[in-house]
Amino acid sequence: NSSDLNTSSFILASIPGLEAAHFWMAILLCSVYIVAVTGNCAVLFIVKTEPSLHAPMYFFLCMLAAIDLALSTSTVPRVLAFYWFNTREISFNACLVQMFFIHTLSAIESTVLLAMAVDRYVAICHPLRHAAILTNAATAKIGLVAMARGVLFFLPLPLLLLPLPFCNSRVLSHSFCLHQDVMNLACANTTPNVVYGLTAILLVMGLDAILICLSYILILKAVLRLALWQERLKVFSTCIAHICVVLAFYVPLIGLSVVHRFGKDLAPLVHMIMGNVYILVPAVLNPIIYGVRTKQIQRRILNLI
């Protein structure tokens, strides 16, 4: 029976007592999803059609927009189908594919955020060499490296789950599939999954976060060497948007990790909220943050309106 269940389906999580409100929850989720898709598509269109934005920083912003579109689209439509049509079951293979996209795209986004931090460091600390170091070709190569890094590190996660038997409860903690959530349902030794999953997270997201912090330490040192406070504020203000985007990505990621690790006794609503925040908050906030902080994008949006 356990081997038969290994290739069966999982049950997506529902909030106990709020089943009757699923329709209205789906309306809210769909509205947020539409905002995320519209904002990120607008960023891609504006950067593509505005020659003054054809620079590495905005190419990285386009990468973020494409990643956020892919990440939200790989999860939200399935969640909406669950809420609207009560299709709670998801097949084992579909769950593994969704898990792969969620973790891989998150790793790619982390790498792009690190590249944007390096871009800010070079622009502020070595402005005369910025155009020579971060060329369009170098930017494209960084994007390819980010994709390869994400795939190589996180492809083993679903592969390690393939041989495991699932003979306990098949109910997930979220309305989509995450590695740790699925792994906890296995009735076999999951030590290799735990060790590899933690190693991948530390070598990708953990290392990226450390290097981003290091970049901003060097940026602060360079800014503090400037004589006037007005100059310091003007230079550092070019980093505000990126800092906000980094926080919008890492704070939900850390919060979701803490809930998985220490929040087993928390209410299901907490798990649901943290999962949806992790998927949707960066996708919604990133275009808004750069739209507010970038005058060229502001002007182009006003012209479009």
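Each residue, glycine too, has its Cβ placed from N, Cα and C.
Remember, TrEMBL labels are computer predictions, not curated facts.
Annotation source TrEMBL lists transmembrane segment at 20-46, 58-85, 97-118, 130-155, 194-219, 240-263, 269-292. Per TrEMBL, domain 'G-protein coupled receptors family 1 profile' is recorded for 39-290.
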Ask   = Of the listed stretches (20-46, 97-118, 130-155), which one yields the highest count of Cβ-Cβ distances below 8 Å with the transmembrane segment (58-85)?
value = 20-46
Key: Whether the transmembrane segment (20-46) meets the transmembrane segment (130-155): three or more C-beta pairs under 8 angstroms   = no
Message = Under 8 angstroms for C-beta pairs, at least 3 of them, ignoring pairs fewer than 6 apart in sequence. Is the transmembrane segment (194-219) in contact with the transmembrane segment (269-292) by that rule?
response = no
Key: Beyond the flanks of the transmembrane segment (97-118) by 6 or more, those residues with Cβ under 8 Å of it   = 57, 60-61, 63-64, 67-68, 70-71, 74-75, 78, 90, 142-143, 145-147, 149-151, 153-155, 157-158, 176-179, 182, 200, 204-205, 208-209, 211-212, 215-216, 242, 245-246, 249, 253, 279, 282
Request  = Please average pLDDT over the domain 'G-protein coupled receptors family 1 profile' (39-290) for the predicted structure.
outcome  = 90
